[in-house]
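Heads up: the structure comes next, in structure tokens.
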Amino acid sequence: MPVNNPPAPLRPAHPHGATLAQLADLVGVPAAALNGQAGAVRVGGVSLDSRTILPGDLYLALPGAKAHGAQFAAAAIAAGAAAILTDDAGARLLGGAPGVPVLTVADPRAVTGAVAAAVYARPDGARALELFAVTGTNGKTTTTYFLNSLLQALGRATGLIGTIEILAGGQAVPSKLTTPESTDVHGLLALMAEKGLDAASMEVSSHALAFGRVDAVEFSVAGFTNLTQDHLDLHGGMEGYYSTKAALFTPAHTRHAVITVDDAWGRRMAAEASVPTTTLATAQPQPEGAPATDSLGTPADALADWQVRSVRRDGVGSRFGLHGPRGAVLTVRTGLPGDFNVANAALALLMVATELLAQAAAASSAVGQGDEARQVVLDRLQHVLDTADPFTIEVPGRMQLVGTAPVAVVDFAHNPDALERALDAVRPEAEGAKLIAVFGATGERDATKRPIMGAVVARGADVVIITDDDPHDEDPAAIRADVLAGAREANDREGLGRVVEESGDRAAAITRAVELAGPEDVILVAGRGHEVYQEVMGVNISLDDRVELRTALAARGFPLTNASTIESSTDD
Ligand SMILES: CC(=O)N[C@H]1[C@@H](OP(=O)(O)OP(=O)(O)OC[C@H]2O[C@@H](n3ccc(=O)[nH]c3=O)[C@H](O)[C@@H]2O)O[C@H](CO)[C@@H](O)[C@@H]1O[C@H](C)C(=O)N[C@@H](C)C(=O)N[C@H](CCC(=O)O)C(=O)O
Ligand SMILES: Nc1ncnc2c1ncn2[C@@H]1O[C@H](COP(=O)(O)OP(=O)(O)OP(=O)(O)O)[C@@H](O)[C@H]1O
């Protein structure tokens, strides 16, 4: 997702704010360091981007990979910044008399979350929202949408923060980052509380954890989906990626953890979590009755507190049972295709169940009615699952059905595991029917996954059309060459006999896929999901896979769905 012009920050209309003296105390700066009356200056907001400073804000001038925030201090002051917090290097860049008070700390990013939390805290210090966090390589967006839908079905007034959009009580704002900077996160949560919301679901990316974007945010329940290769450019390797994610499952961030233990990373996460943890196994026993195992051969199902069992196809979606301790069973349905959406639905349900069961246990322990209270929670959840069908929703660009014959799907899969699962989920059942995949890799992100993804598409699809994604500042032809090399190598070495084509223009690649399709075939356009711009050399070019696919299908007279989130998402 291109990040060119930061949007106006979403924050409360009536922030309580904090004085510089209070903030100096919080970050360990001696009061004597504040000259004259500076300690009495009250800041009403906080931002680490000069372009989103509002009058009276504290500007956090942080060192970055490309620049030092102090280089933008003049712009921040011109926008009305009342004070600056920075490091020694920033203070030197500011020179002697910037014109506003300056607080200097060794590592400003390390205190950013706490400062933002203090500025946006409610005067009574109360925690306003029940917060649910989802992390993992894949499934964060879908699981947060499922959480949001289930919480609403339970009567909660909800907010959502994630890759696609931010929902803050009647306002839907397209997202720039999966997890915004902590200054924006705290502003958003305060805005949600001001609007009377009482619960929110949030995606927490590994970048967010690495850059302290959820510092001083207290989650009720944090959920883990899975860990497979991605973002190795940031983390250096899987071990670094794992330990960054593991930081979420500590008392610094959450009160409870719900961890999917289908693979060895999940089991390690559950073993190392330092908060009360509930485990979930979603991998299906194969064959019937045998325990599910991971690549190390360990039975996941046998270790988990809750298990997904008896998955059955139901239309394009699935039905399953979620089995828990003491004979608990919840019967669940999701209308979204793929076993991974069974896992996402089970995780969302168990996160909410964990919170409700913890509340019920706390309320009933005094009167010794734990079992009854537990059953009331489970019955309520089952009632809502049966009546509201909360996991049958449209998640923009996630397994989104655009056409029916051929089945034509747009999906966000852009790493090896997601791609393999997405291809598997849409494989046509009719004999002789083809799966046609359109795919391309992003520039300036983990280049090692490109040939791997090329091979995955060649193995999973009958016809492969390799195209561009967001090249950013890289040469798109070179990115395609990396992906094509993986696809052709797998095709030749494994004798797959696939048709592999190249088409740099993504809209043309989608049209080509439709040209090659018959009504019995399936088209999967993977990698960009809900995105409506392609970023090429700093320029945003309008491109929406769903619109292109629909136009190409319509031109050939193929039947379309009436997916409702296509049009609206092109408005931003
Ligand atoms: C690697 C990374 O995450 N970098 C983030 C980081 O950049 P940086 O610290 O290097 O910033 P910089 O560009 O050197 O600028 C230094 C400072 O000057 C400030 N500045 C800069 C320009 C200006 O005019 N005024 C101004 O105040 C910046 O806000 C920054 O604080 O701080 C910036 C300010 O908030 C972020 O915009 C930037 O996100 C970049 C753009 C980004 O694309 N991040 C992606 C990779 C990311 O975080 N993705 C994950 C999800 C990944 C996934 O799961 O697929 C996400 O959570 O979205
Ligand atoms: N639980 C899952 N396991 C593996 N793949 C999944 C899972 N859920 C979804 N996917 C696949 O991954 C893609 C991305 O899903 P989703 O957007 O929900 O995850 P995400 O973690 O938010 O991804 P990102 O961080 O890249 O935005 C989907 O389009 C689908 O192909």
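Backbone N, Cα and C define each Cβ position, glycine as well.
Copied from TrEMBL, the annotated features are:
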- Gly136, Thr137, Asn138, Gly139, Lys140, Thr141, Thr142: ATP binding site (BINDING)
- 276-287: compositional bias 'Low complexity' (COMPBIAS)
- 43-117: domain 'Mur ligase N-terminal catalytic' (DOMAIN)
- 134-351: domain 'Mur ligase central' (DOMAIN)
- 397-529: domain 'Mur ligase C-terminal' (DOMAIN)
- Lys245: N6-carboxylysine (MOD_RES)
- 276-297: region 'Disordered' (REGION)
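TrEMBL feature annotations superimposed on the structure.
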residue : record           : Cβ neighbours (10 Å)
Gly136  : ATP binding site : 27
Thr137  : ATP binding site : 22
Asn138  : ATP binding site : 24
Gly139  : ATP binding site : 26
Lys140  : ATP binding site : 25
Thr141  : ATP binding site : 25
Thr142  : ATP binding site : 28
Lys245  : N6-carboxylysine : 23
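Predicted-model confidence for the domain 'Mur ligase central' (134-351) is 89, expressed as mean pLDDT. Surrounding the centroid of the Cβ atoms of Gly136, Thr137, Asn138, Gly139, Lys140, Thr141, Thr142, where the record places ATP, the chain contributes additional residues within 8 Å, namely Val134, Thr143, Glu203, Thr225, Asn226, Asn344, Ala418.
Secondary structure counts, DSSP: the domain 'Mur ligase C-terminal' (397-529) has 52 helix, 29 strand, 52 coil. A Cβ distance below 6 Å to any atom of ligand 2 is met, among the recorded positions Gly139, Thr142, Lys245, by Gly139, Thr142. Helix, strand and coil content of the domain 'Mur ligase N-terminal catalytic' (43-117), in residues and according to DSSP, is 30 helix, 18 strand, 27 coil.
Straight-line distance linking the Cα atoms of the residue listed as 'N6-carboxylysine' and Gly136 (ATP binding site), rounded to a whole number, equals 7 Å.
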